[in-house]
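Listed features, source TrEMBL:
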- 1-18: compositional bias 'Basic and acidic residues' (COMPBIAS)
- 43-117: domain 'Beta-galactosidase jelly roll' (DOMAIN)
- 148-243: domain 'Glycoside hydrolase family 2 immunoglobulin-like beta-sandwich' (DOMAIN)
- 250-400: domain 'Glycoside hydrolase family 2 catalytic' (DOMAIN)
- 580-640: domain 'DUF4982' (DOMAIN)
- 653-762: domain 'Glycoside hydrolase family 2' (DOMAIN)
- 1-28: region 'Disordered' (REGION)
Amino acid sequence: DTPHDWSIEDLPQEERSADNPAESGPFDKEAVGGFMVGWAVGGTGWYRKRFRVPDGLDGRLEIWFDGSYRDTDVWLNGASLGSTHHGGYTPFYYDLTPHLLRDADNVLAVRVKNEGSNSRWYSGSGLLRHVHLVQSPMMTRIAPDGGVFVTTETLTTESATVNVAVVVEHIAEILRVNVCLLAPDGSVVATGDTQAGRQPVSLTVDKPRPWHPDHPTLYRAEVTLLNDRGDVLDQAGATFGIRTLELDSDRGLLLNGERITLKGGCLHHDNGILGAAAIDRAEERRIELLKAAGFNAIRTAHNAPSPACLDACDRLGMMVMDEIFDEWLKPKVPQGQARYFAAGGADAEIAAVVRRDRNHPSVVLWSVGNEVYEAFERPDIARDLRDSVRRHDTTRPVTAGVPAPFWTHSEGFEWIDWDTSSDPAFENLDVAGYNYEWPHYEADRARNPRRVIVGTEAYAKDIFDAWQLVEKHPWVLGDFCWTAIDYLGESSIGQTLVEPDGVIGFTFPFHTAVCAGLDLIGRRKPQSYFQEAVWHPGVLHLAVVAPLLPGQRLHNEGWSIKWGWPLHLRDHWTFPGHEGETLQVIAYASCARVRLFLNGEYLGELPTTRTERYTATFEVPYAPGELRAVGLDADGNVIAEHVLRTAGPPAGLALSPDRTTLRAGNRNDLSFVTITVVDAAGVPVPETIPGTNLPVRVTVTGPGELAALGSADPLDVSTLQGPVRRAYRGILQAVARPTTGGGNGSITLHAEAHTLAPAEVTITAE
């Protein structure tokens, strides 16, 4: 199956040992990439496929890869199809036609090498994205790599002018291009044609429905290539949104003529316990989770996203900063992408990404770098990359993420004076991307009156201060927190809690970053609600500054104080042994005021406006029961409520699937099932009650299988693909997937644990 990531699979059985128990799962403390890749193992993998060419299939047959990590070679029937592809996240293809057997089995072999230290985060290994066999005419055809490009020239409530440019390869006669635009319901809204190779087809759409994050309407362009006899030579299509995008140095980023702010988060490409396999539903779910948490933008840190991710962003209304490079000429890791940057490698990657992604209405910015060593020394590189982007798309601005400590030599980095030395890094960018440097916005704008700024990265603890500048100055486009969802690799950079065994820092078995508002399995942490309150009205969430368990301590030094959350918070009200002790209860709320009640008794009321940084702190003597908060508007009306209830002893398991219907036999469909340890009343039981974090066994029957079973535990390096996993803070996640060729029926997921009442859920495959 593809997409496929072998680095998330268990290491071979024979390599397991008592000295290295991690080898019962996918992680190895001797992994060459170390903490940066989450102790994951690369290596060399082979894929083989046998197939026959269907009778009557004429023309050219190509194999297209949406992305493969990392160095990829392809053979057909023993013949090499071309040079090695080195870009782990960029699309590429090979022509199979010269070596095809038309009347016998064909053997396609793909070798993928992921060797050495070549990434600063968990990359995964193998055919991480979709692979397609594509048939097209032998010679004259619509270019398959971005040959249809749709832009919106003008837009009003009454009409829109849509231009469709079509690139045709190998024109040997007079040809015509017909274009048909389809509305979301499939009805025809405009048609037109032109001679191939001439100007784009210009079409008028009446009463257009513009694409916007709040109403992401999508249209379709269908293109037909014909000769002068009316014979159809080729057909192609593109999904697009009718929308305009303008960058104004005073008014900011204008979407459809109106300013829009980027409520953003940086997003690495892995899908948590599934690894880096870009399964369609997993990619879609991440965007759903972020939309529900108040985001309207992501930055694809620090590589081009999968097509499935962008498709989801288009459908769901998530704007995208599409980032291409993490290195330029100087490497950050020994075998990084920098070695392929020169000699046309950068231009080739830009062409592949921009031509593929430029029809996506969700993409609003291109980023050509992140914290590159040459940021301020070599502004000519930024200029060349910007110009390379513009050769393929002039409708979006170009940026790059630049930090304060500019690395300037291979031995390390040196701090520079930002005010006197940072300007060259931005002189050739349309938008200046600031990593963590929001305190410089106003001074830099005063020095450079036309500069437009975006916060390409910000610590979660700084989100309030950074966002005040976005609201104050239209020339600050928005902010992208580091990071939106927790990810594999960059192990423990945000970890502040030290467990009794004392493990801390970039050490095994820490394998996740622990620095996001949503954890590895997509559950929101208290800091996520604070961020939502900064962005949106009517938010209310309670959290408690939790007493430390025996042997625990807080570590607030070094990296963790930057990327971690400064308070040790839990969003439950279960602290046995602390009765009568005063606990701090934090309300993150974008309400006028918040009232707090304990077991029906009124405890007080505090303001939670911007003046209070959307935060109220109550001192509450702990007593078991119900802790209830209500949020009020300025007129005293209740607009929000949040309740925490004390849990009793663990009594059973509860299952909550995100979807109860899947497409039968579709390997790109998934159901993410949350498994929760609950008490007799169904209240979730946290880790403060003994017996909560116990092993849970999961079985799946029917036309489905268990694709993954895991938790957000940053220290648990056991298998993610077996039937048993220990709960973490009373929570696990199971992922159910339809079986290959499976028909309609009921997929039953059953969960059980020692001494607890079991639970099961039925998912329909149809």
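Residue 1 is the first one shown; counting continues down the chain.
Positions of Cβ are set from backbone N, Cα and C atoms, glycine also.
Curation plays no part in TrEMBL annotations; they are all automatic predictions.
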Recorded stretch that, among 43-117, 148-243, 250-400, 580-640, has the most CB pairs under 8 Å to the domain 'Glycoside hydrolase family 2' (653-762): 250-400
Touch test for the domain 'Beta-galactosidase jelly roll' (43-117) and the domain 'Glycoside hydrolase family 2 catalytic' (250-400), at least 3 Cβ pairs under 8 Å: yes
Mean predicted confidence [pLDDT] for the domain 'DUF4982' (580-640): 99
DSSP-assigned states of the domain 'Glycoside hydrolase family 2 immunoglobulin-like beta-sandwich' (148-243) in counts, ordered helix, strand, coil: 0 helix, 62 strand, 34 coil
